[in-house]
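Asker: Below are the structure tokens for one structure; questions will follow.
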Amino acid sequence: MMRNGQPLIWGGLAAITLALYVFAAQFPFLVSFPDTWVASPTDAMNRWMNGFVDTFGPAFKAVGWLLEWPIWAAQGLLGILPWSVTTIFLVVLGYAASGWRLALFVALSLLYMAGIGFWDESMNSLAIVLISVPMALAVGFGFGVWGAYSERAKRVIMPMLDLLQTIPAFAYLLPILILFGFGTTVGLVASILYAFPPMVRNTILGLRAVPPEITEAGLISGATPSQLFWKVRLPAAQAQMLLGVNQTTMASLSMVIIASIIGGTNDIGWEVLSTIRKAQFGESLLVGFVIALIAMVLDRITYGFATKDRAQGRNRNALRLWGITAGAMIVTGLLSLLIPALHTWPDALVFDPAPQMNEALEYVVINGRETIDTIKNSAFFFIMLPIKIGLSKAVSPFTWGFALSPPIIAGYALIVAGVAAWAFVRGRATLASLIVLGSVFLFIGLTNVPWVALFTTLICASYIIAGRGLAIGTACALLFLIVAGIWPQTVLSLYLCGVGVLICFTFGTAIGIWASESRVVSAIVRPIIDTLQTMPLFVILIPFVMVFKIGEFTAVLAVIAYAIVPAIRYTEHGLRNLPPAVTEAAEAIGATRTQMLFKVKLPLALPAIMLGLNQTIIYAIGMLVIAALVGTNGLGQQIYIGLGDGDFGVGMTAGIGMAVIAMIADRMTQAISKRKQEEFGVSSDII
Amino acid sequence: MTAPKSTVGEVKLSCRNVWKIYGDRPGAYFDGTNGNVGDNAAAHAQKIRDAGDIVASANVSFDVHVGEIFVIMGLSGSGKSTIVRCLSRLVEPTAGEILFNGQNLLTQSKQELINFRRHKMGMVFQNFGLMPHLNVLDNVAFPLELQGVPLKERQAKAQKVIDLVELTGRETSFPRELSGGQQQRVGIARSLAVEPELWFLDEPFSALDPLIRRQMQDEFLRIQSELRKSIVFITHDFLEALRIADRMAIMRDGEVVQIGRPVDLILNPADDYVREFTNDVPSEMVLTAGDIVQPGAQATPGLQAVDATTSLATLLPLLAANEDGIAVQGPGETTLGVIKARDVISALADTKGGRLEAAQ
């Protein structure tokens, strides 16, 4: 699209940006958006919400009251059951799902939970998950079936799912909190809302992917419509839908943990939060590990059942296994009446290494202070600050060791001009113009770029990447952000997210390439990223906060730790799953390993890598909101403030803002990936 | 190779002027005609194509007799899969009639159709279409399960067809544990479990390796010689069609180009399209002793005799051993004449040159 016009567009934008920067005094309203133009929707939203609550509040409260019963029952049951009985059940469940190794893992995990004295809290969290998952599955299944059968329904459902999955988790909590009032119901409702979309997607995918010959075979055998659904389609889609169950369970757990931020629940998420707040790092790490273990246990068990080889002889064996288990549970339950240690883990046996851990950490932090500070400061001064406030402000004798005198500015301009000229001579005019534009932005700093310039740049980018539709969408979205008066926070969020994504993408792609070329690296990397991905967001924060304290740097590190996963995964997957015909052909022509990688594999894997970038951005935005807890500014903080004050308007506006940014980034990267796929004539049904 | 039956049974299934059009208002092309647009069907189809709609089947008519293997042959996109789906109403024809024992299937209600499918027809699919979650026994018993047949009875019935397709011992295996050939045996067994009168096979062996394909064709012929079903068999492989067909139809662009016995098609191709296929066919595979025997010649007593349906391929080694020729017998052991080596050579030479005139 308009490839030839690109150098002119980008060059022109660079010139305009620079001109606005220089003549800021003459055109102040083009540089920073005038306050008088802002029409914040927060008051109107609050008024509307109040009206809504006045009318429908009692209905929601009633529903909330109803929902409390199952939670109460589940928590009561898990609370009454002796730990030994619950453990036996879960261990056998692990065994049934995928064998002895998982059973052992489950046993060790549960012993850990009981051993460090957080059994009750763990069970309280688990109880909410146990209630929310079936409900989320039912809702997801319903919408999924509808979407699988009706193309029109699918067209309505899909964007709805996009919205539900891109609105930050915190933002969900707010309206739910207002509607249902404080209590465990909030966590339940939020986790149902957050966890049902994966089930919808997998149901639609599974039902639609049933080979036509299988449904035809059913029809030919004389299936009635309901037989066709229950006996043919559904069983044939089973594998895919069980993956949906796995994803729904994980989403549910992560939301249950996040929801504990509103407090009042004696669960494991609350425990982590309060220990982080009290700076008890040893404790928070121990408890965080419990969450990670719960996540891994739930993940492995549901995944085990989802991928289980159904060919193995079952029924009779399974019946016997569960018979014996039930017997063992009853016997243990009775025994626990005689032996209290089997009922409640004895305090004497609680193992608490937290004090020692705190001491060790203190030792490291005190003795390693210089190294830690050096890392933190150099990242801050040389990468983050320049992007945030620009070289023009970041470079000072205190930070860089020299002042930004006119000769140095001239030198910067010369280097930029030189590099751009080199690119231009090589026939890459678009690249040259982008280098110039980027350098201008870097000099001014993202937060200081005149809003008109940033605005126009983003709209032009959407137009060039994905055409008029997205350009209009982007324009509307940006207009919303700026008129709603959250532009400064938006830019801050863009900056944090941008830094994180930049680093993730650079290192993630590099690691992915390395892993694709080396079996050893792949074997090392894979378990790490698998673990990172199942880790609830809070937990990822803990180690970074421990070492680097709160602040932007910590937030960026947490974003990186979480969002680097898809960059690695998609790159490796894309590189490893190229059509063998192509690589064999290149090998036969005599490509060296380097040529193969750079001239054949990487270009062909580009669609997959772009999808990785897409996921990286979405992940980064998701983590950004959580990172607001450790002291970042931007939209995440706004959501957090809204949640804290119960201010629906403020929180929702920021939440929608986040979602809007995520959706634009999503559409842009999807468009690039899709265009590449079409150019290569390949499809990438990835992962 | 296969004997064209001298006495043709009654018509089991009849396809009359069947059309399948994909478009916005396909029915509008057939107001009141119900597919019978007279002699100008080709022109009518072209008119529809010019209007921008897709003609998947155009004016298809044929009969399938009791116990007959009727093959529909055509390249991909020729509409052969569409037509077999029209026969079972997996695809709803736009116009025409499908008569089963003289009764129009297209006017049947949903419930009648379900009953018809449950009891009267079986179908085998190219990619098997097995239920991935059921083992062999349950897969085969699946149509019976849908009918509500009690467990014991349906397992006994399924076991019988599993034995028939020689899969005994694999009852508890799951489809993905079987080879392609074995999976298709399951597909065949399943389609036969309800003891259908009509048997549809949609490119049943196309997904298999050539060697396995050959085996399965023999297997299929063996089963058919036991069961004598009325069969519609779809294939894109002309040689396969020759091997198994009693009669066959060649399709192109949704239209039937020619219908007849394999030998008729080879000796009298309707047009160049059909001739293209027949060119590659070794004539000795197709021509039978009856096709080339000179009628009237007196057989010398003591000559070795063969049936008129014997293929030349089988005849050649016999001729090599009998310089005086071979006697050919028609129905009722009547001697039709004598064939000598020279007759075979000249017949083969003529067909290769494409000049042999109709030999009845």
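Each residue's number is its place along the chain shown, starting with 1.
Even glycines carry a Cβ here, placed using N, Cα and C.
What TrEMBL records for A:122-302, A:490-669 is domain 'ABC transmembrane type-1'. Sequence annotations record features per position, and here TrEMBL assigns transmembrane segment to A:76-96, A:102-119, A:126-149, A:169-196, A:241-265, A:285-306, A:318-342, A:400-424, A:431-464, A:470-487, A:494-515, A:648-665 (among others).
Structural setting of the listed features?
Answerer: Beyond the ends of the transmembrane segment (A:102-119), by six or more residues, the same chain brings 83, 86-87, 90-95, 268, 271, 286-287, 289-290, 293-294, 296-297, 300-301, 304, 345, 347, 349-352 to within a C-beta distance below 8 angstroms of the stretch.
Through the fold, the transmembrane segment (A:126-149) approaches residues 70-71, 74-75, 77-78, 157-158, 184, 187-188, 191-192, 195-204, 207-208, 241, 244-245, 248-249, 251-253, 255-256, 267, 294, 298 of its own chain, all at least 6 residues removed from its boundaries and within a Cβ separation under 8 Å.
Long-range contacts of the transmembrane segment (A:241-265) within its own chain (CB-CB distance under 8 A, at least 6 residues past either end) are made by residues 124-125, 128-129, 132-133, 136-137, 140-141, 144, 169-170, 172-173, 177, 182-184, 186-187, 190-192, 194-203, 206, 234, 272-273, 291, 294-295, 298-299, 302-303, 305-307, 534, 536-538, 626, 643.
If one looks beyond the transmembrane segment (A:318-342) by at least 6 residues along the same chain, the residues whose Cβ comes under 8 Å of a Cβ in the stretch are 81-85, 88-89, 92, 95-96, 349.
Sequence-distant neighbours of the transmembrane segment (A:400-424) (same chain, 6+ residues past either end, Cβ-Cβ under 8 Å): 381-382, 391-392, 394, 431-433, 435-436, 439, 443.
Long-range neighbours of the transmembrane segment (A:431-464) within the same chain, counting only residues 6 or more positions beyond its ends whose Cβ lies under 8 Å from a Cβ of the stretch, are 1-2, 6-11, 13-14, 16-18, 20-21, 24, 30-33, 386-394, 412, 416-417, 419-421, 423-424, 470-471, 473-475, 478, 482, 487-488, 491-492, 494-495, 498, 664, 667-668.
Outside the transmembrane segment (A:470-487), and at least 6 residues removed from its termini, the chain residues within Cβ reach (under 8 Å) are 33, 35, 37-42, 451, 455, 458-460, 462-463, 635, 638, 653-654, 656-657, 660-661, 663-664, 667-668, 671.
Tertiary neighbourhood of the transmembrane segment (A:648-665): same-chain residues 40-46, 49, 162-163, 166-168, 170-172, 174-175, 178, 458, 462, 470, 473-474, 477, 480-481, 484, 486, 489-490, 493-494, 497, 614, 617-618, 621, 624-625, 635-636, 638-639, 641-642, selected by CB-CB distance under 8 Å and a gap of 6+ residues from either end.
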Asker: For the transmembrane segment (A:169-196), what are the same-chain contacts with Cβ under 8 Å, counting residues 6+ beyond its ends?
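Answerer: Counting only partners 6 or more residues beyond its ends, the transmembrane segment (A:169-196) has Cβ contacts under 8 Å with 49, 53, 56-57, 60-61, 63-64, 67-68, 71, 128-129, 131-133, 135-137, 139-140, 143, 248-249, 251-256, 258-262, 264-265, 622, 625-626, 628, 636, 639-640, 642-643, 646, 648, 651-652, 654-656, 658-659.
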Asker: Let me spell it out: take the transmembrane segment (A:76-96), skip the flanking residues so only those 6+ beyond its ends count, and list any with a Cβ under 8 Å from a Cβ in it.
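Answerer: For the transmembrane segment (A:76-96), the sequence-distant neighbours (Cβ-Cβ under 8 Å, at least 6 residues beyond its ends) are 102-103, 105-107, 110-111, 114, 119-120, 123-124, 126-127, 130, 297, 300-301, 304-305, 318, 321-322, 325, 328-329, 332-333, 335-336, 342-345.
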